[in-house]
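One structure, as structure tokens, below. Some questions next.
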Amino acid sequence: MEWVNETLVREFVFLGFSSLAGLQRLLFVVFLLVYMFTLGTNAIIISTIVLERALHTPMYFFLAGLSCSETCYTFVIVPKMLVDLLAQKKTISFLGCSIQMFSFLFLGCSHSFLLAAMGYDRYVAICNPLRYTVLMGHGMCVGLVAVACLCGFTIAEIITSLVFHLPFHSSNQLHHFFCDISPVLKVASHHTHFSQFVIIMLCALVLVIPLLLILVSYVHIISAILQFPSTLGRYKAFSTCASHLIIVIVHYGCASFIYLRPKSNYSSSQDALISVSYTILTPLFNPMIYSLRNKEFKSALQRVVGRTISLPRH
């Protein structure tokens with residue numbers, strides 16, 4: 001009976017956009033333009049933060065990390081999706097699927113913990129402004145990013161190992177456009193209650209723990225802001241947190257819908273639609289929300305562009 005435990009499925013077939021066969025070329029053009037714009041804006045953000053000394057602060061250090069994370073995050077999914085939109089055979093190898101899932105989970109989980117680190121940064125800046133430079137030194141910032149990446153790596157390794165150690169004998173058709181957890185689990189021949197429980201718990205923890213940390217930070221932040229004497233001071237403090245809160249709501253709203261629903265509510269078409277929002281649209285809006293509407297960042301960008309243009313003259 002040893003053959004039962006062997007993996008017979010050698011590749012998976014994506015069916016995510018099969019119901020939109022007539023629109024796939026149009027979707028390719030739209031998604032390609034969005035992807036190029038996302039890469040361009042994130043490249044502008046990272047290079048501006050690196051080149052402009054005025055932005056060498058903890059807040060922009062985390063923002064650069066977030067932009068790097070989102071650039072890699074979209075690179076894991078979007079190029080393959082664009083190729084598949086034009087291809088007749090939309091397949092991925094078993095190994096390729098496992099690598100894609102691991103990379104996606106690693107970057108997604110790290111993203112959640114990085115948002116928690118940004119919430120802590122805002123808490124220190126508003127609630128302990130006099131000790132901000134001491135508490136949020138370079139070592140602390142690097143340490144927080146390292147912890148976020150370590151947590152993301154560990155969780156992604158455990159979940160990916162549990163999923164791809166399951167037997168795959170029958171169907172290899174994924175009703176999705178990338179190797180997400182639910183579509184792959186759905187085509188597994190069988191899976192134990194233990195592995196399913198561990199996966200659900202890890203998904204819950206990676207969402208709940210960072211979200212609780214962010215909520216605790218904002219409880220203290222809001223109570224501190226309400227004690228500010230001037231209306232202008234309260235407005236400035238709230239405005240520095242508004243961008244972070246918008247991204248937190250979008251990120252955790254989409255992720256909770258996908259990973260924390262009861263299995264009976266599973267809908268492939270709904271999941272594919274929500275996945276498009278957090279793999280393509282959210283990375284598009286994040287740079288605009290965080291940076292391109294930020295006066296300090298726009299001023300820094302103008303200085304960097306001005307220096308770059310003036311270099312050839314010398």
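Don't overthink the numbers, they just go from 1 along the chain as shown.
Including glycine, each Cβ sits where the backbone N, Cα and C put it.
What you see is a predicted model, and the numbers here were worked out from it, not measured in a lab.
So TrEMBL lists the following for this protein:
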DOMAIN    41-290  domain 'G-protein coupled receptors family 1 profile'
TRANSMEM  26-51  transmembrane segment
TRANSMEM  58-78  transmembrane segment
TRANSMEM  98-120  transmembrane segment
TRANSMEM  141-164  transmembrane segment
TRANSMEM  197-226  transmembrane segment
TRANSMEM  238-260  transmembrane segment
TRANSMEM  272-292  transmembrane segment
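Neighbours and distances for these, please.
Residues 31, 35, 38-39, 42-43, 45-46, 49-50, 100, 103-104, 107-108, 110-111, 114-115, 117-118, 121-122, 125, 136, 140-141, 144-145, 177-178, 240, 279-280, 283, 286-287, 290-291, 297 of the same chain, all 6+ positions outside the transmembrane segment (58-78), place their C-beta atoms under 8 angstroms from a C-beta of that stretch.
Same-chain neighbours of the transmembrane segment (238-260): 59, 108, 111-112, 115, 118-119, 122, 125-126, 180-182, 203-204, 207, 211, 214, 218, 221, 225, 271, 274-275, 277-278, 282, 285-286, 289-290, 293-294, counting only residues six or more beyond its ends whose CB sits under 8 Å from a CB of the stretch.
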Per the 3+ Cβ pairs under 8 Å rule, pairs at least 6 apart in sequence, do the transmembrane segment (26-51) and the transmembrane segment (197-226) touch?
no
Any chance you could find the range in 98-120, 141-164, 272-292 with the most Cβ pairs under 8 Å to the transmembrane segment (197-226)?
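Comparing 98-120, 141-164, 272-292: 98-120 has the most Cβ pairs near the transmembrane segment (197-226).
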Within the same chain, where does the transmembrane segment (272-292) have neighbours whose Cβ lies under 8 angstroms from its own Cβ atoms, ignoring anything closer than 6 residues to its ends? I mean 6 or more beyond.
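Contacts of the transmembrane segment (272-292) (Cβ under 8 Å, skipping residues fewer than 6 from its ends): 16-17, 31, 34-35, 37-38, 41-42, 44-45, 48, 63, 66-67, 70-71, 73-74, 77-78, 175-178, 180, 243-244, 246-247, 250-251, 254-255, 257-258, 298.
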Using a Cβ-Cβ cut-off of under 8 Å, list the residues of the same chain that are 6+ residues beyond the ends of the transmembrane segment (98-120) and lie near it.
59, 62-63, 65-66, 69-70, 72-73, 76-77, 80, 92, 144-145, 147-149, 151-153, 155-157, 159-160, 163-164, 178-181, 184, 206-207, 209-211, 213-214, 217-218, 244, 247-248, 251-252, 255
